[in-house]
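Below you'll find the structure, written out as structure tokens, and then a few comments.
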Amino acid sequence: MGTIHLFRKPQRSFFGKLLQEFRLVAADRRSWKILLFGVINLTCTGFLLMWCSSTNSIALTAYTYLTIFDLFSLITCLISYWVMMRKPSPVYSFGFERLEVLAVFASTVLAQLGALFILKESAERFLEQPEIHTGRLLVGTFVALSFNLFTMLSIRNKPFAYVSEAASTSWLQEHVADLSRSLCGIIPGLSSIFLPRMNPFVLIDLAGAFALCITYMLIEINNYFAVDTASAIAIALMTFGTMYPMSVYSGKVLLQTTPPHVIGQLDKLIREVSTLDGVLEVRNEHFWTLGFGSLAGSVHVRIRRDANEQMVLAHVTNRLYTLVSTLTVQIFKDDWIRPALLSGPVAANVLNFSDHHIIPMPPLKGTDDSNPVTSTPAKPSSPPPEFSFNTPGKNVSPVFLLTTQTRPGLGLNHGHTPYSSSLLNQGLGVPGIGVTQGFRTGFTNMPSRYGANNRTGQPRP
């Protein structure tokens with residue numbers, strides 16, 4: 001039987017948690033204005049949908065979808081306020097900034113789906129065009145235009161304001177920008193409004209209202225009902241063209257890509273970090289967009305053995321923090337140790353390597369724990385770091401004993417013996433076994449016994 005918790009807190013449902021978070025956001029005075037506009041938006045949307053049904057105008061329906069998009073933008077603004085209130089948790093260590101990115105992506109994609117629905121309905125109407133009643137058409141146009149402009153200009157929507165500036169321009173903005181330059185050349189005072197480019201949401205609201213006004217006039221004058229379908233297609237194409245660059249930009253943020261406009265700055269900062277004192281190498285650098293206007297990244301830095309880790313870490317963080325707000329830096333010290341084989345020049349009597357006895361030292365670990373490539377004992381607790389180099393023989397220091405015997409007929413004393421390949425591979429030296437691999441000093445295929453024939457079992461002269 002499991003442990004019985006007498007005073008265990010009851011688990012809340014999803015809707016209970018959602019209601020709790022909504023109360024947290026509603027407690028902030030800044031959100032009261034957004035909630036008020038949300039209520040007005042729902043009321044206007046209800047009236048507009050009724051007028052769309054009474055007029056039988058699909059162009060007014062397409063324009064009403066922009067009002068529904070305004071409701072999604074208000075919800076995104078509430079989510080942005082909630083993200084600012086919440087702190088990073090152990091589960092979400094980077095915070096909740098990506099939630100507002102997801103809200104922007106969902107809002108723009110839903111607007112594009114609505115535009116595709118309008119295009120499908122318009123294609124059906126071209127086959128059989130119904131009669132359009134203009135009684136509420138012009139009234140609904142001005143009600144929707146007034147509310148959309150009032151919402152866009154009264155509430156500062158931080159996520160959509162950033163996306164509209166960072167994303168690429170739509171085809172509607174590009175065409176209007178050419179007209180704006182010509183107009184601002186005549187009236188310079190309008191340059192602050194139309195240049196460098198207009199707000200895409202204000203632009204699509206004005207363009208949609210202009211299309212509906214033309215529709216009203218043509219129907220009233222000539223009873224040309226097909227213009228309503230043409231206006232609906234125009235509004236749907238403008239909606240799709242305006243929302244598509246924003247959905248692409250927010251989708252790239254969700255895919256954790258690096259923004260193209262900061263790649264050059266990041267390369268410059270990496271080059272500066274690689275020239276810092278004590279830094280040998282900068283590798284495995286990875287930077288991505290965490291949220292709108294915030295970058296995150298991780299980098300591995302290999303430093304000299306005598307360098308101060310904390311000092312290098314402080315300098316690296318100081319250089320990269322100007323661009324990367326959330327940064328993880330991992331420092332590795334250089335573990336490459338080249339063993340000193342001979343401290344002086346090689347003498348003539350040192351060439352007889354087999355006349356020196358090597359005292360075998362027991363290995364620190366079993367042969368099963370050694371790396372078959374480098375013969376370095378592996379650590380059972382954790383694998384070696386990525387930037388460390390497992391130098392053969394660094395864990396066991398061999399001891400050499402110089403023999404002072406004199407060979408009959410030669411009269412030569414022999415000097416120190418360098419590492420043999422068997423010592424490098426197993427950590428001990430065994431007399432009587434021939435050497436088949438080269439030495440670190442450059443001598444290859446040197447016999448291990450006095451004489452080159454390896455006579456086994458015969459006494460030495």
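The first residue you see is number 1, and the count goes up from there.
Backbone N, Cα and C define each Cβ position, glycine as well.
According to TrEMBL, the feature domain 'Cation efflux protein transmembrane' maps to 35-255.
Feature annotation from TrEMBL assigns region 'Disordered' to 363-390.
Residues or ranges marked as transmembrane segment in TrEMBL: 32-51 (among others).
Panel annotation: around the transmembrane segment (63-84), residues 21, 24-25, 28, 30-31, 34-35, 37-38, 41-42, 44-45, 48-49, 52, 95-97, 99-100, 103-104, 106-107, 110-111, 114-115, 118, 140-141, 144, 147-148, 151-152, 155, 157-160, 204-205, 208-209, 212, 235, 239 of the same chain, lying at least six beyond its termini, place a Cβ under 8 Å from a Cβ of the stretch. Marked as transmembrane segment by TrEMBL: 63-84 (among others).
Outside the transmembrane segment (96-117), and at least 6 residues removed from its termini, the chain residues within Cβ reach (under 8 Å) are 62, 65-66, 68-69, 72-73, 75-76, 79-80, 82-83, 86, 88, 159-160, 163, 236-237, 239-240, 243-244, 246-247, 250-251, 253-254, 290-292, 294. Residues annotated as transmembrane segment in TrEMBL: 96-117 (among others).
According to TrEMBL, the transmembrane segment annotation covers 137-155 (among others). With a cut-off of 8 Å between Cβ atoms, the residues of this chain six or more beyond the transmembrane segment (137-155) that come close are 33-34, 37, 40-41, 44, 47-48, 51-52, 55, 57, 60, 63-64, 66-67, 70, 73-74, 77, 199, 201-202, 205-206, 208-209, 212-213, 215-216, 219.
If you look up TrEMBL, you'll see 201-219 (among others) marked as transmembrane segment.
Annotation comment: TrEMBL describes 225-244 (among others) as transmembrane segment. Within the chain carrying the transmembrane segment (225-244), a Cβ under 8 angstroms from the stretch's Cβ atoms is held by residues 57-59, 61-63, 65-66, 108-109, 111-112, 114-116, 118-119, 121-122, 125-126, 129-132, 170-173, 200-201, 203-204, 207-208, 211-212, 214-215, 218-219, all 6 or more beyond its ends.
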So if I exclude everything within five residues of the ends of the transmembrane segment (201-219), which remaining residues of that chain have a CB under 8 angstroms from its CBs? That is, six or more out.
57, 59-60, 62-63, 66, 132, 134, 137-138, 141-142, 144-145, 148-149, 152-153, 160, 164, 172-173, 176, 225, 227-228, 231, 234-235, 238-239, 242
